[in-house]
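Single-structure report; data block below.
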Amino acid sequence: MEPGFWHEKWYKQQIGFHQQDINPFLVQYWQRLALPAGAKVFVPLCGKSLDMCFLAEQGHQVIGCELNELAVQQFFSDNQLEMTQTVEGEHQHYQTEQVSLYQGDIFTLPKRITQDVTAFYDRAALIAWPEEMRTQYAKQLANLLPSGSLGLLVTLDYPQETLNGPPFAVSPNWIEAHLTDDFEIQVLACQDVLADNPRFVKKEVPWLNEAAYLLKRK
């Protein structure tokens, strides 16, 4: 996906990928990571996700990376958070007490930004990439994460030929084939969420599975 695709989506506010509620898998399984309250948590392609508020409420320091400037600004304005803005190389850095967002390309995010994180949360990043770019993203994510860091990964899977992504289908087989070199993987849950997603129902997608994985960086 070219950057212009996402910039246009945010400009037109065609952001169906933005969830109005905290992700149920995050609420249900985050405690499985057993992190200390002050742990730093990396959220790639974070948008203006309310999930970051949940993570902050657990006492974590949230570090997000988001391509689009409007998404970052809306996160702070929607949640009535005062922030400071500075420049970090080619990234804009927006910061409030517990949330620090870097606006720019995740592929050029300096590794020092994430060198102290103990965990990560990916709900909308891996599934945002078509297959030819997904492996590149997965390698960059692994590159940014310290060994031993834990993560909660949430994916969607469906017959890809029935719908043009994003979100793109990411199967358990893809996870096994492309993430095992860098991560230990444990499946936490998988359930059909088709009834909760009208866009997929309208396109007559026969099934839609949402899965949660616990990952550990090797």
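Glycine residues also receive a Cβ, built from the backbone N, Cα and C atoms like all the rest.
Going by Swiss-Prot, these are the annotated features:
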BINDING   Trp10, Leu45, Glu66, Arg123  S-adenosyl-L-methionine binding site
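Sequence features, as recorded in Swiss-Prot, placed on the structure.
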residue: Leu45; record: S-adenosyl-L-methionine binding site; DSSP (3 states): coil
residue: Glu66; record: S-adenosyl-L-methionine binding site; DSSP (3 states): strand
residue: Arg123; record: S-adenosyl-L-methionine binding site; DSSP (3 states): coil
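Note: Glu66 (S-adenosyl-L-methionine binding site) has non-local neighbours Leu45, Cys46, Gly47, Lys48, Val72, Leu101, Tyr102, Gln103, i.e. same-chain residues 6+ apart with C-beta under 8 A of its own C-beta.
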